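**Student:** My structure is below; once you've seen it, I'll send some questions.
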Amino acid sequence: MKIVVDENMPYVEPLFGALGEIIPVNGRTLTPEQVQDADVLLVRSVTRVNAALLDANPKLKFVGSATIGTDHVDLAYLARRGIPFSNAPGCNATAVGEFAFIAMLELAARFNSPLKGKVVGIVGAGNTGSATAKCLEAYGIKVLLNDPIKAAEGDPRHFVSLETLLHQADIISLHVPITRSGEHKTLHLFDEARLMSLKPNTWLVNCCRGDVIDNQALIKVKQQRDDLKLVLDVWEGEPHPMPELVPFAEFATPHIAGYSLEGKARGTFMLYQKLCELLAIPANKRLSELLPPFHFKAVELEQTPDEKALLQLARFVYDLRDDDAVFRNGFAKENGFDIMRKNHKHRREFSALALAYHGQSEVDWLSNLGFSGVGR
């Protein structure tokens, strides 16, 4: 069995090696010739999976995408051909939620404006939006949710209109898929008028899709409103962000909000489970076996951490400033964006760090944030 796989997908060999011949490829430049005799195709969001790519392959048995979204896959085409498809919904939700939360802590420290006491509006209450809300609510932050689709589906959570959210939120975090038409179109959801309407001193965090914000309009608005603070992990025109926009972002990264080791492993592992199910063979590998030990065995807490100490704990796990510096130095180089993504292998989730605390104060919130070993 030939398994054609994006070369940047981790843990493929230990999971799929016993199932067939693994053929690594560049996912962004993948050609029909490279997949014409594949039995299995495993991709990420940089690969367009459609008739143009697959028409020459008569034997494909499974397509898997190690991603939350599916906008890069022609699902109707796969269905017509009877090719099973699976993605990995929620695989990197924890990573994205923690990224957004850490970014807010970093902004709070940079501008001496505590996160505690602010109101955060989350646009899009799916897996990543919910994971962001989980972090914020664990820390005691008031969260407003906007998601008209979830609301219409009967989701029991309380939702507000986008206008209400814009009016009340001090921080806005975007977590919607890209939809280019229809009643709930998200393409340029934040256009010039909406950006100009943001409250004074709003923080805007985007780690969903670059096109959700009109980037050209964002440049224009930032030229007029220095009070708006931006965290941008995604960009229109990836892998070629608008160079004029980068200096306006407080933190800029190359679409890696979901790139924790845990999230990457989870995405590949979910596809492994699905393929084993299709082949009717036992999935006898374990996710925990894939991850390396964390470089800190445990951190002893002498007292309940304040916001400054919480940021330091977060930096033990992931220091956003490092990726920001690498991005500014490398995004304009040839293939710089993709090279940074490919080389991004170091980040862990809060769960990798064990905290030891034996005081009397309530620290369940640290456990709810995701840290392990709290109070043990």
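Using N, Cα and C of the backbone, Cβ positions are placed for all residues, glycine too.
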**Student:** From the candidates Gly140, Gly154, Gly258, give the one listed by Swiss-Prot for the same NAD(+) site as Asp147, Asp233.
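**Tutor:** The candidate from Gly140, Gly154, Gly258 that Swiss-Prot ties to NAD(+) along with Asp147, Asp233 is Gly258.
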**Student:** Among Thr29, Thr31, Thr67, Thr70, which is the one Swiss-Prot gives for the substrate site where Ser45, Tyr259 also bind?
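**Tutor:** Among Thr29, Thr31, Thr67, Thr70, only Thr67 appears alongside Ser45, Tyr259 as substrate-binding in Swiss-Prot.
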**Student:** Round to the nearest Å and give the CA-to-CA distance linking Gly258 (NAD(+) binding site) with Thr67 (substrate binding site).
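**Tutor:** Cα to Cα, Gly258 (NAD(+) binding site) and Thr67 (substrate binding site) are separated by 9 Å.
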**Student:** Using a 10 Å cut-off between Cα atoms, which of these recorded positions sit near Glu238 (active site): Thr67, His255, Tyr259?
**Tutor:** His255
**Student:** Given the binding-site residues Ser45, Thr67, Asp147, which lie within 10 A of Arg209 (active site) by CA-CA distance?
**Tutor:** none
**Student:** Given the substrate site residues Ser45, Thr67, Tyr259, which other residues of that chain have a Cβ within 8 Å of the mean position of their Cβ atoms, reported in sequence order?
**Tutor:** Arg44, Ala66, Ile68, Gly69, Asn92, His255, Gly258, Gly267
